[in-house]
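Asks: Sharing a structure here in structure tokens format.
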Amino acid sequence: MPASKYAGWSRDQLISRILELDGKLQKNTNSLPNKEIEGKNEVIKNKNKLDNGNEIEPQHLSQELVLQHALQDASSLPKLKPVRPFQLEKTVFVAFKFAYCGWNYNGLAYQLEPTPLPTVEGKVFEALLRAHLITDPSSCSFSRCGRTDKGVSAMGQVISLNVRHSERRPIIYCDVLNRLLPADIRITGYAFPPEGFDARFSCKQRHYKYLFTKDYPGGSLDIDRMNEAAALYLGEHDFRNFCKIDASKQITNYHRRILSSKVICIDPSTGLYAFDLQGTAFLWHQVRCMMAILFLIGQKLEPASLINDLLDIKKVPTKPIYDMASEYPLILYDCDFDNIEWTLPTDSPTTAPRIAKHTYETIYHQWHSLRIREQIASFMLDIADHNVKRYGKSEESSSTMNVGEGLLKRTKKYIPILSRQRQESVEVVNERYKRKKGLKDSDVKSENIK
């Protein structure tokens, strides 16, 4: 091949060509008789020298010659400018509002250790890095509003951080990031918050919805009874009996204020409802524990007064053991802040039509795909329902408990919540953690949020 043919080749292409030629030469050499090989090597050894006078060993000869030839041809290539490390010349503090479907992720928060599924923040950081909006997630003043667990979704999650800024050519952040993010994570707005803003501590209230159906195999929930019980959550209470204790945070104040608590109908035709809950802040697994108790009350396994009993820590000082409601129906629906004006993806007059259409089509595709799957599952349910009607329902002596997401838990005999075994007290759990870690009281930074 003439040397001019190599002029447009990249470094990787040249190396690949070298290896290809070397392989062919070795193959041809191996096919020669031993005496012929020895003769050729002797001739080559006597004739070929490197510029510095060092002999080329026969076993390396083919590679050296081909490499030398390729490098000579490559000398005619235009010299490329060295790539400079990417640096942020100017940054701006931005808050991003975004939505995500949680069932494909191992929760919101980025994890240093490997996880079975990716995390939402992991995907967001990947997009930010690919877009050259940040250089290092650990040095961009990052904060999140509400940490959601594996399987939990969000429609109004908020993060804040420093990102690249350009005055000469404004960056359309929503469009840039949504092009790089998975279809089930969408940036829905951004804002330039006031000084001192923190996505977590500046949040005034958080809004959750927990979806469920009224009917389930073997029973139906009493919605009026659940609404009556939900109203008992209103106000400020000690919710230590409605959460999972996280000893690493050394929380001592379990008081939280609930602003709104009710059961609402989402779709009368399908019997879909939601536990609609708003509060200033929430404890770990608090909403799922509150929902679990509402399920028991809706099934008439417990009285509505159970909520008052569990909120009275003098009467019930430690949490009775009970199962939380399933995680998948839970949604962090919105987060509310003062003095924040969100810029929507469609606020730019030049790009609004294109962005609006692309966003709608992306979300529509997800919705349509799930709708088709729902209908397929519905056909299967019809078959199962036909078999149940044909053979009749079996008489069972066990109790059935609805734990959300269409899941049922059966037990031979239902044990009332207040008659169950209790967990250890908050004080005992916190103290044991300190001893295990070798911490003193002065070393502990308690995380108490109201």
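If you go along the chain as it appears here, the first residue is 1 and each next one adds 1.
Any Cβ shown, glycine's included, is placed from N, Cα and C.
Pasting the relevant annotations from Swiss-Prot:
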type	residues	note
ACT_SITE	D149	active site, nucleophile
BINDING	Y208	substrate binding site
Asks: I need the CA-to-CA distance for Y208 (substrate binding site) versus D149 (active site, nucleophile), whole Å please.
Replies: 13
Asks: What residues, ordered by sequence, lie under 8 A Cβ-to-Cβ from the residue listed as 'active site, nucleophile' and sit at least six positions away in the same chain?
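Replies: Counting only residues 6 or more apart in sequence, the Cβ neighbours of the residue listed as 'active site, nucleophile' under 8 Å are G107, L108, H285, E327.
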Asks: Once the chains shown are all counted, how many other Cβ atoms turn up within 10 Å of the Cβ of the residue listed as 'substrate binding site'?
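Replies: Result for the residue listed as 'substrate binding site': 25 other Cβ atoms within 10 Å.
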